[in-house]
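Asker: Once you've had a glance at the structure underneath, I'll fire off some questions.
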Ligand SMILES: NC(=O)C1=CN([C@@H]2O[C@H](COP(=O)(O)OP(=O)(O)OC[C@H]3O[C@@H](n4cnc5c(N)ncnc54)[C@H](O)[C@@H]3O)[C@@H](O)[C@H]2O)C=CC1
Ligand SMILES: O=C(O)[C@@H]1CCC=N1
């Protein structure tokens with residue numbers, strides 16, 4: 001087992017749980033090396049059931065771990081960092097997954113030269129299939145900080161370095177992306193039910209179709225996705241009749257607009273347009 005140093009989380013919500021369950025299932029960390037803080041007792045109870053150390057005191061997390069993942073909502077970031085600022089030492093690495101919170105804003109809340117990495121993962125961390133992008137702060141180095149982040153998020157999916165200016169666009173594509181794909185899957189299954197399929201059959205077929213299509217595209221990176229689509233569209237057949245209907249309904253325009261809206265919202269968050 002290639003294990004990581006002890007890992008801490010400030011905020012034990014949805015994303016902490018997804019990352020943590022992913023890491024534990026890959027044995028990248030052992031539960032007794034993980035500390036999590038949260039203000040909600042119910043979340044601490046969930047964490048205890050995972051076997052990790054759970055506390056209401058974020059300072060305990062920073063005292064006991066060197067790699068600290070900031071996983072609170074963006075509007076809570078200043079308060080959560082203020083609580084632990086004086087405990088952050090040169091050996092610490094702070095990894096923020098908070099949408100729209102810039103490296104500069106994070107660094108302003110921390111001691112000078114603190115090592116910070118801004119990361120945008122997504123919920124498929126839970127099943128080892130996340131799409132993650134990250135950018136290093138001015139006090140972080142490719143080695144060891146970038147490598148540690150690549151190991152952490154690479155263990156639960158794909159992790160790519162990007163320029164920080166691209167992280168809002170990343171949020172629009174892959175951070176928020178699972179929600180759009182799930183919406184599509186829900187509609188695909190509803191279409192099946194509307195055409196007479198039992199609900200459970202329609203849902204299974206819809207999920208497997210999205211999974212199989214993604215796998216097919218990922219395993220043929222040199223083939224444009226439009227070419228893969230054309231291979232399904234027999235001339236005058238069922239598929240082209242359906243894809244024309246989707247074009248008429250503006251599917252692609254709607255998705256492009258949605259991604260841009262999410263990216264703009266991430267930028268708004270970084271300009272203090274809080275709360276949600
Ligand atoms: N949910 C998602 O799909 C993704 C979320 N993110 C980012 O991850 C961050 C966390 O999001 P979620 O896990 O979805 O939110 P969440 O609301 O499920 O989790 C946040 C947790 O922080 C706790 N909390 C609040 N104040 C605290 C404090 N001072 N100290 C410690 N814990 C505190 C809350 O009780 C809550 O359990 C957000 O900044 C979000 O932008 C990033 C990528 C994907
Ligand atoms: O909706 C949000 O703001 C967060 C960031 C990316 C996914 N969920």
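Quick reminder: no glycine exception, Cβ is built from N, Cα and C everywhere.
Predicted, not measured: the structure shown is a model, and the values here were computed from it.
Annotated NADP(+) binding site per TrEMBL: 10, 11, 12, 13, 14, 15, 71, 72, 73, 74, in sequence order. Annotation comment: TrEMBL describes 7-100 as domain 'Pyrroline-5-carboxylate reductase catalytic N-terminal'. What TrEMBL records for 164-268 is domain 'Pyrroline-5-carboxylate reductase dimerisation'.
Please go over these features one by one and say how buried each is and what sits next to it.
Answerer: On the 0 to 100 pLDDT scale, the domain 'Pyrroline-5-carboxylate reductase catalytic N-terminal' (7-100) averages 97 in this prediction.
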Asker: Which residues of the same chain, at least 6 positions away in sequence, have a Cβ lying under 8 Å from the Cβ of residue 10 (NADP(+) binding site)?
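Answerer: When sequence neighbours closer than 6 are ignored, residue 10 (NADP(+) binding site) has 37, 58, 61, 62, 68, 69, 70, 71, 72, 80, 84 within Cβ distance under 8 Å.
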Asker: Can you count the other CB atoms that lie within 10 A of the CB of residue 14 (NADP(+) binding site)?
Answerer: 12
Asker: Which one, from the binding-site residues 12, 71, 73, has the smallest tally of other C-beta atoms lying within 10 Å of its C-beta?
Answerer: 73
Asker: When the domain 'Pyrroline-5-carboxylate reductase dimerisation' (164-268) is classified with DSSP, how many of its residues are helical, how many are strand and how many are coil?
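Answerer: Final tally across the stretch: 86 helix, 0 strand, 19 coil.
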Asker: Would you identify the secondary structure of residue 12 (NADP(+) binding site) according to DSSP, in three states?
Answerer: coil
